[in-house]
């Protein structure tokens, strides 16, 4: 009001200009950090990418950028002084993270987590720090089993398919050999009846068939048993690795 009463318009204009300049300087370093806004989904053993950016966009090459998790603010990945600070990472993330910096000059970065584990599921916090000013954004990672949509009964059936496919041709071979051996044994028995006394052969026909078939099918049955054992063992190891990759 003093300016109005004294009609000192140049001094009023200069005061207003200085005020605007002071306000612009105080807000020059401020920005907002924006996350994806929705849960990021990844399969166990696969890769997950967590995007993060600042608004308004600006060159973040000289800033400190990082991700951490609660509790105890465990460092997932940290970028400072123009390079990654791997030594400050939590042990469970060492060698498994990568900061994609192709668009860091625009204020956009992405954290890539490799070989995702079930323990990686949960909340993450991304932050940008420019000197003493820092802003953060929260995001969530959901980890899913590759076979989460499959009923356990279906998994059991899938595991048994190779065994069934092997046993079908084995059964056909068994029936074929049984038919051939029966015909051959019947002819030999008839010849023996013609040559020797009928009372000489008192051994039942099924026993003769058994004595001939067992030496033929014995190794085949052993092979089937070994295959089933090996298949169950490998299937168990595969499912265990899916649940506990490390």
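These residue numbers are counts, starting from 1, taken along the chain as shown.
Cβ coordinates come from backbone N, Cα and C, glycine included.
It is 157-177, from the ranges 157-177, 178-198, that Swiss-Prot records as transmembrane segment. Of the listed segments 126-146, 210-230, Swiss-Prot assigns transmembrane segment to 210-230. Around the Cβ of residue 126 (disulfide bond), the same chain contributes 33, 35, 50, 52, 65, 66, 67, 111, 136, 137, 138, 139, each under 8 angstroms and 6 or more positions distant in sequence.
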